[in-house]
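Colleague: Below you will find the structure I want to go over with you.
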Amino acid sequence: MVKLVLKGNNLSKLIKMSVHREKIDLAKLPHHYDGPVTLAVIGGTGLYDLPNLHPVARLTISTPWGFPSGSITISKTDSGFPVAFLARHGAHHDLLPSDVPSRANIAALKRLGVKAIIAFSAVGSLQQEIKPRDFVLPTQIIDRTKGIRPSTFFEKGFVAHAMFGEPFDLKLNKLISDAIPSKGFLEGFDTDGTPVLHTKENTNNGEDLTIICMEGPQFSTRAESRLYRSWGGSVINMSVLPEAKLAREAEIAYQMICMSTDYDSWNESEEPVTVETVVGNLKANSANACKLAAKLIDEFAAKGGEIGKDLQGSMKYAVSTSPHGVKKELLEKMHFLFPGYWEV
């Protein structure tokens, strides 16, 4: 892992960006919200709120798969566009990656009317050119979880197979890569210059950027890290699955934005990581994530009306089981996600 060098007051400037524009007691917000919310942001390690927006409601939503990781905050932009925010690991980061209630998270967002999700996650870099504090827009996934995380809304007695060849939504990916330049948008300095947003078309010569999803909570051995590099892995985390799979089943467009914190364990030439380095990278990434999210929310509000529409209705025709043979209680459960698809 690399030890970064901060220049001047750049880190302090970045940290100040994460301060709320308004001091609001979230507990006192209304517990209901009328009207659909079409965009959601899921925050990962280091991103626990959207400080550039105006919170208007804080919702606790019960689903057939339990409760989400925490309350869902509805906030509005200056123009009044509503956005849902959910902290993946809970407000106090008390959920292990394997324990995140992903089915409840996605189901609750679906219930709000969400059509697209932009998810943030801290990752380790598997490639030299992806430096700590760089951001990555992955296009492919390799699943190295162990099967202990529930990864589908369907179950015994009701079988469906969602298409997952393109695990991230191509239209949402394009909206993000078109809106954010590879260089010059992300702030902060390290020994190699300003952070870069790595995308398939703009920085990777049209080649896929692949994220490895491991079970955790331990990090990779050096042998594993080198294996993932040999597979063409770009970055590694513990969170993209089953989140992306469940979003696809729920007919929600999904794209993860990865925030690099270190070089995983493959790079023996780098200095040992320090607490100062990790904290500095997380804070800088958090500030840039807030800036990036604010920009992308405005872009989605202006241009994202068609995103997710091509997924609507897709799961109705992905079912292999005749609905007439499905138990009523199971159909009622699926009605939460897909009202009107099958008679209850």
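Using the three backbone atoms N, Cα and C, a Cβ is placed for every residue, glycine included.
Owing to the predicted nature of the structure, the values given are computational and were not obtained by experimental measurement.
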Colleague: Going by Swiss-Prot, ARG88, HIS89, SER121, ALA122, SER239 bind phosphate; tell me which of THR38, THR45, THR194, THR321 is listed for that site too.
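Modeller: So, going by the record in Swiss-Prot, that would be THR45.
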Colleague: Please identify which of SER220, SER239 has the densest Cβ environment, defined as other Cβ atoms within 10 Å, among these recorded positions.
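Modeller: Of the recorded positions SER220, SER239, the most buried by Cβ count within 10 Å is SER239.
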Colleague: For ALA122 (phosphate binding site), what is the secondary structure state per DSSP, taken as helix, strand or coil?
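Modeller: In three-state terms, ALA122 (phosphate binding site) counts as strand.
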Colleague: Looking only at THR45, ARG88, HIS89, SER121, ALA122, SER239, the residues listed as binding phosphate, what is the longest Cα to Cα distance in Å?
Modeller: 12
Colleague: Rounding to the nearest whole angstrom, report the longest C-alpha distance spanning MET238, ASP262, TYR263, ASP264, listed for substrate.
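Modeller: The two farthest binding residues have Cα atoms 15 Å apart.
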